[in-house]
Amino acid sequence: MRDVKAPVLAWGAYLIVLGGSVAATKLVSGLMGHLFSLLCASIMASLILSFFMGLRVANNLLRVFALAGVMWLAIMLTLTMVDYVMRDIGECPNAQADDVARNAQGCPLDSAGNVRASDTGA
Amino acid sequence: MTTTPSTTSKAAPDEQFDDLTQQRQADLMGMWIFLATELMLFGGIFTAFTVYRFAYPEVFAEAATHLDLKLGTFNTALLVTSSLFMALAERAVNAGQRRKTLAFLFVTIGIGVVFLGIKGYEWHHEYTEKLMPILGLAFEYPGAHPDRAEMFFNFYYVLTGLHAVHMSLGLVTLSVMVVFTWRWRDPSRLGRQIQINGLYWAFVDVVWVFIFTTQYLLRA
């Protein structure tokens, strides 16, 4: 059997990255921890694509097809999230910037201290 | 697929191909196109999850803590190990080593079965915790905003369930490969078939990496 060393090394690298990702989840909370986990996931996926799915030695046409799949996903995620980020979904999607009294989530309150029905998206 | 299947002087391409190299390229291209459609399937679900994860970050992060991180991590390590043995099976068949090919395929299948067993154990545990809001089952979430947490668990079961279906299909095709390897009638053709199965199996692994990360690791 030839070329056994590369996949075994990739397997070892994958496990190390996996360990780092899980450790980061316990040690680093919040956005930074989440971003690190997603970065680790990308590295692990790249290792599989390169060494177990053969993109490391594949011809360029095959690489373009594989990249097109990732690009499709990136375009869909980006366009979708740009829309939702700009429209401020979440606790109070219809909130106006000029409201004064707000609850802990930043939603505008009416005179009785309740989130207005028009601001809950209901 | 870092090695190419061995071709003997007797091996001949199917009639629509000029030679085996062209046939092999067509095989791989067809499989990658199929995997692209699979990516669209899972990609749509991941995009929907991302929207709700953005909308309710605290609830989703808290809900993720109800999943078993140790079992999820162990399963992730198991799955990549099965991918390693699948890659070794490809190399063994290309080297004309029937016994090794069979052994590596059996290990790959065995690890896959263990993965599904652990996943089933996790689902059962979540069922006993009443955290399975599917098929009309009771959902009793102990934290705040149970309606939003229910959305998280809906995504969790759709993603892991769909992944388990894909793994089961992979196990069936790998079992067929075991039979073909046992017969060992056309090693050149078998090499291409195992290569295609290896692509599918590794893709299932890639999908699991992102399921594990988004469901288990993005926690409070």
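FYI, residue positions are counted from 1 along the chain as it appears here.
Note: Cβ is positioned from N, Cα and C throughout, glycine not excepted.
Residues or ranges marked as domain 'Heme-copper oxidase subunit III family profile' in TrEMBL: B:29-220. Taking the domain 'Heme-copper oxidase subunit III family profile' (B:29-220) as a whole, pLDDT averages 95 in the prediction.
Taken from TrEMBL, the feature transmembrane segment applies to B:32-52 (among others).
Within the chain carrying the transmembrane segment (B:72-89), a Cβ under 8 angstroms from the stretch's Cβ atoms is held by residues 2, 100-101, 104-105, 107-108, 111-112, 114-115, 118-119, 122, 174, 194, 197-198, 201-202, 204-205, 208-209, 212, 215-216, all 6 or more beyond its ends. Under the heading transmembrane segment, TrEMBL lists B:72-89 (among others).
The transmembrane segment annotation in TrEMBL covers B:101-121 (among others).
What TrEMBL lists as transmembrane segment is B:155-179 (among others).
Residues 1, 28, 31-32, 35, 38, 42, 46, 49, 53, 60-61, 64, 67, 69, 72-73, 75-76, 79-80, 82-83, 86-87, 108, 155-156, 159-160, 163, 166-167, 170, 173-174 of the same chain, all 6+ positions outside the transmembrane segment (B:199-218), place their C-beta atoms under 8 angstroms from a C-beta of that stretch. According to TrEMBL, the feature transmembrane segment maps to B:199-218 (among others).
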Surrounding residues of the transmembrane segment (B:155-179) on its own chain - C-beta under 8 Å, 6+ positions past either end: 38, 41-42, 45-46, 48-49, 52, 67, 86, 102, 105-106, 108-109, 112-113, 115-116, 119, 123, 132-134, 190, 193-194, 197, 200-201, 204, 207-208, 211, 214-215
